[in-house]
Amino acid sequence: MPAPTQLFFPLVRNCELSRIYGTACYCHHKHLCCSPPYIPQNRLRYTPHPAYATFCRPRENWWQYTQGRRYASTPQKFYLTPPQVNSILKANEYSFKVPEFDGKNVSSILGFDSNQLPANAPIEDRRSAATCLQTRGMLLGVFDGHAGCACSQAVSERLFYYIAVSLLPHETLLEIENAVESGRALLPILQWHKHPNDYFSKEASKLYFNSLRTYWQELIDLNTGESADIDVKEALINAFKRLDNDISLEAQVGDPNSFLNYLVLRVAFSGATACVAHVDGVDLHVANTGDSRAMLGVQEEDGSWSAVTLSNDHNAQNERELERLKLEHPKNEAKSVVKQDRLLGLLMPFRAFGDVKFKWSIDLQKRVIESGPDQLNDNEYTKFIPPNYHTPPYLTAEPEVTYHRLRPQDKFLVLATDGLWETMHRQDVVRIVGEYLTGMHHQQPIAVGGYKVTLGQMHGLLTERRAKMSSVFEDQNAATHLIRHAVGNNEFGAVDHERLSKMLSLPEELARMYRDDITIIVVQFNSHVVGAYQNQEQ
């Protein structure tokens, strides 16, 4: 759980960094800060408003300034040993294998690997995985927080329950409600698959349960009791939208408990994107809000790997998103609703949970802030109204849902936050995972592209290949192996231990200038079961 200053006072920390290093920091709190000149602006979630220019103003001679000073926190010739590197990379890895019955796995999923590599302190990414116990299928998701980790934490805990409830038939919802009324034990809805370090908020569990119960009560009232097939796409959309609505409502109503009152406000004023997969037999649905991605790994007949994108980024690079925003607001806002590729010139993702500063009316924002705790009322960011803020809401948590029917050649699915996709091309991601899972990486010829390679350099590449092969065997987790490549790859696509060591040795105030938090889930499909489904249909 982050300290209050980590959510509501990011500018203070950023300004200190800018004074120390002579330039504005590259802060993946993704808040009102700007980047050093050498970092692309399109990698920031937030850009500065002129009112904050004095907080984040880079020096004109920033590079000479940094070269003229040395700090103890800057690594010079210190390198982590391979065991130390492995210890860092494997600290958050988790693997789950679907259990067999009578010696057989009847699920379309063999299992999954997940891992996280933080750059923020604390990490703002979250991950979740659970088996639906009252319906069929498994849920897996990654959540990328900004302006702190409060919103991503809440969404990672709550969203799967909202999805599971949305998928339940009317009679099961009635059974659960009757159990609550009579004080009987509830039917378990989800079986979680979590790393021991993954956090659950015990303090907010009652608040979260009451909101969820209100949701299923409304579903009971809306349903006439007639048996009908549940539309998974509609259930996913309803769950996303309802959770975001509850996050907003809880912040508006507040709580008598001062801790919970502050918590719900932190959740609402921070934000999070989400990319969730629901796998039921050969039916794969991906619900995406924001700029995390889902990528399908397909093995072609010749053994090569192809990447099939199952999600779309909701940002300025998506023409349909730009058109949607313009249609949702008056024509006189066409030039202001998206400026410098950001929502109102500030926010990079066009869809997200929380971020009520882009959803609430100005009057509502002022009322909540004035009646809220002092930490909220005294903060400059929370009181700041985005420019050209005329017709809210400008932001939505409604997901875009993609459906794919699994085939035997569909071998795995990669869910990852943008920290991975900023460093690696989707085709490289699929190839590396595919080669890892099949053990075929060492059979491929070395590709040097257009480089002129000397005999000595070729010897170095062969040495690196041997090291790369050994890293495959030491990585028992596909997500860990992918992170190793994302952070340590050189220009030839091989893991460079020196580079990997340098990147992992960076102090936290510098790490954010070079990379984002990375969270990955690799889901491996059971080709035999998928093929059996296909044969039954034929």
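Backbone N, Cα and C define each Cβ position, glycine as well.
Residues or ranges marked as transit peptide in Swiss-Prot (evidence: experimental evidence): 1-71. The domain 'PPM-type phosphatase' annotation in Swiss-Prot covers 109-525. Residues or ranges marked as Mg(2+) 2 binding site in Swiss-Prot: D144, D418, D516. According to Swiss-Prot, the Mg(2+) 1 binding site annotation covers D144, G145. What Swiss-Prot records for K202 is N6-acetyllysine, and it gives similarity to another entry as the kind of evidence.
On the structure: features taken from Swiss-Prot.
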{"residue": "D144", "record": "Mg(2+) 2 binding site", "contacts (Cβ under 8 Å, 6+ apart)": "E124, D125, S152, A272, T273, A274, G290, D291, S292, T417, D418, G419, D517, T519"}
{"residue": "G145", "record": "Mg(2+) 1 binding site", "contacts (Cβ under 8 Å, 6+ apart)": "E124, D125, R126, C151, S152, Q153, S270, G271, A272"}
{"residue": "K202", "record": "N6-acetyllysine", "contacts (Cβ under 8 Å, 6+ apart)": "none"}
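Its own atom aside, the Cβ of D418 (Mg(2+) 2 binding site) has 27 Cβ atoms within 10 angstroms in the protein chains shown. Using a 10 Å radius centred on the Cβ of D516 (Mg(2+) 2 binding site) and all shown protein chains, the other Cβ atoms total 26. Model confidence over the domain 'PPM-type phosphatase' (109-525) is summarised by a mean pLDDT of 91. D418 (Mg(2+) 2 binding site) falls within a helical segment according to DSSP.
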